[in-house]
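As given in TrEMBL:
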DOMAIN    501-661  domain 'STAS'
TRANSMEM  54-76  transmembrane segment
TRANSMEM  96-119  transmembrane segment
TRANSMEM  173-192  transmembrane segment
TRANSMEM  212-230  transmembrane segment
TRANSMEM  343-362  transmembrane segment
TRANSMEM  374-398  transmembrane segment
TRANSMEM  418-448  transmembrane segment
TRANSMEM  460-479  transmembrane segment
Amino acid sequence: FLMERKTHVKINRKEIMLAKLRKSCSCTPQKLKNFLMDFFPVLRWLPKYRYKEYIWGDIMSGLVIGIILVPQAIAYSLLAGLKPIYSLYTSFFANIIYFLMGTSRHVSVGIFSLISLMVGQVVDRELLLAGFDLNDDAPPASGDGSLQNDNLSNTTAFNLTIAGINAECGKECYAIGIATALTFMAGVYQVLMGIFRLGFVSMYLSESVLDGFATGASLTILTAQVKYLIGIKIPRSQGHGMLVITWINIFRNISQANLCDVITSAICIVVLVTAKELGDRYKHKLKFPLPTELVVIVVATLVSHYGKLNEVYASSVSGAIPTGFIPPKVPELNLMPRVALDALPLAIVSFVFTVSLSEMFAKKYAYTTRANQEMFAVGFCNIIPSFFHSFATSAALAKTLVKTSTGCQTQISGVISAMVVLLVLLFLAPLFYSLQKCVLACIIIVSLRGALRKFRDVPARYRLLVGIVFSMLCIIVRTQRPRTALLGQIQDTSFYEDDLEYENLSTVPKVKIFRFEAPLYYANRNYFLKSLYRLTNLDPNLEAARRKKYEKKEKQHLKKGNHRTANGLGTGEITLQLVPKQIDFQALVVDCSSISFLDTTGVNTLKEILKDYKNLNISVLLACCNPSVIDSLKKGGYFGKDFGCMQEMLFYSIHNAVLFAKDQK
């Protein structure tokens, strides 16, 4: 049979680029309006806000997150090497800015342990290079906790002029100067990545890489907090081998442990872990999580204050936390070259965590987010607060899960959380003067439970290291955006080819044949799914969500005693109503002839579409798989435990799969 190629009109890419440039450079009132509404998504969804339906869930989740946020912010200041007031500033401004610019309805953006650790490492390094003693813990300043007293206590005995900073600037002043410069640079990088539409960068950090980063960082965080748990003073280590050196110093000085801090830490850890375990076990019965951290902080502060633990037992306490806001200040430009390189990984990690969480919850609740707009949102969550003595932020999984479990519907909940933090900033901050640092360390360590448990996955995942390095170096460029196509049947033959490339091809009734011309692995997983949904004109997740929503409405209508549905249909006609007219196929055949290998993410992607399409009564059939792909599918559990359904799911040719699909009822 003679195959004729279609003649394609040559595209003048230069003219297309010039036309797009002219169009983008033109300014009209409508374009300006669209730009503002895209840049500030709140302008789109806030006017459509359903007060009666959403407001109570947003208020409840906002209050709960605010209550959790205050003790965590104070605790994470230890990781960043800064005073607690700066953590509260960070939490307040991040929630307000993300409310205006974020596209996710559920993500909680604010202070995050891993980001705080990265900031703290840079701050410690620069303090050492400047000649400051990291262990120079001045006695807590007494007084009313006002900003004036705090500014005086910031000035140490170091009479230095460092990187253009005033000689009166002491250790704390220099530390926050480094942190704000680092945060500003990270925000600039993120905004630039948004301008150049580099949102796809998040694809190069797979779930395994992020898990490994979080697990390793959790061990570093744990090591850094041990000295506060037992109340000893040891020098902070920097550079390679810091974990080993820190533990050696801990055991050398363990005889100097403060008994009061040890007892307090033991009690706090037992209470926190017990409450967390009970909360996880009975979370389906609880309307909102127990505010265990807040209760522990309040009780510990009262005991420390009235028991005079600092004066009697020399227990280290938080000290004065000022109220109000320090006047804004431009980040030190002279410090930015010193931290410019450190800001790049900080920007990438902050963005990737935010985008990953926003996409995860957008898929779960059937709406869409925009990766590049998320880049702008988290970028300005760093740039603007850096003028107000704040440091880097990111989305946090634990707080986001709490938001969704307590009824969060929109980012109105973030504004409520910011108001709770504002209340602490304006009135309640001085009350935490007597709070022991060992209590804050306990809160940090207990919050690492999930990350520390991932160490159990290390033996099963170490083999991925070689595969990731090899993929990044050899094939990632060629496989990022491969060709995809729907195939049609060559007339009177058992062969199939690209319907867009050849003439005289016939479509197969009730069957879609999809070809993906590249290995399927973590870097192109999203492109595989988007191409599949686009070419088949069906997103199974959105369709399933629509059906569930329809069924819920029909059940609510029938509970009222009316046997006629909202559309005037009888109960027996509901099933017919649920079948959408746009689904014109009952089987999907995936041509795997060009898929040379699958990684773990690739196997999970095929398992995902198998499950999603099965929910719509659409069967997924694989054709032309090579032996290595079949082995990967078997190891990944694609065919089940005993491979009993393998013959009905895997075919050695496209035509065999099509014939099987036609025979299905």
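Glycine residues also receive a Cβ, built from the backbone N, Cα and C atoms like all the rest.
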Annotated stretches the transmembrane segment (212-230) and the transmembrane segment (374-398) touching (3 or more Cβ pairs under 8 Å):
no
Could you tell me what the rest of the chain brings near the transmembrane segment (418-448), counting residues at least six beyond its ends with Cβ under 8 Å?
62-63, 66-67, 69-79, 84-85, 88-89, 91-92, 95-96, 99, 113, 140, 144-145, 218, 221-222, 225-226, 228-231, 261, 264-265, 268-269, 272-273, 276, 293, 296-297, 300-301, 304-305, 309-310, 315-325, 398
For the transmembrane segment (54-76), name the stretch out of 96-119, 343-362, 374-398 with the most CB-CB pairs under 8 Å.
96-119
Look over the recorded stretches 173-192, 343-362, 374-398 and say which has the most C-beta pairs under 8 A to the transmembrane segment (96-119).
374-398
Quick test of the contact rule: Cβ under 8 Å, at least six residues beyond the ends. What residues does that give for the transmembrane segment (374-398)?
39, 80, 82, 85-87, 89-90, 93-94, 97-98, 101-104, 107-116, 118-119, 176, 179-184, 186-191, 193-194, 198-199, 325-326, 328-331, 346-347, 349-351, 353-355, 357-358, 447, 450
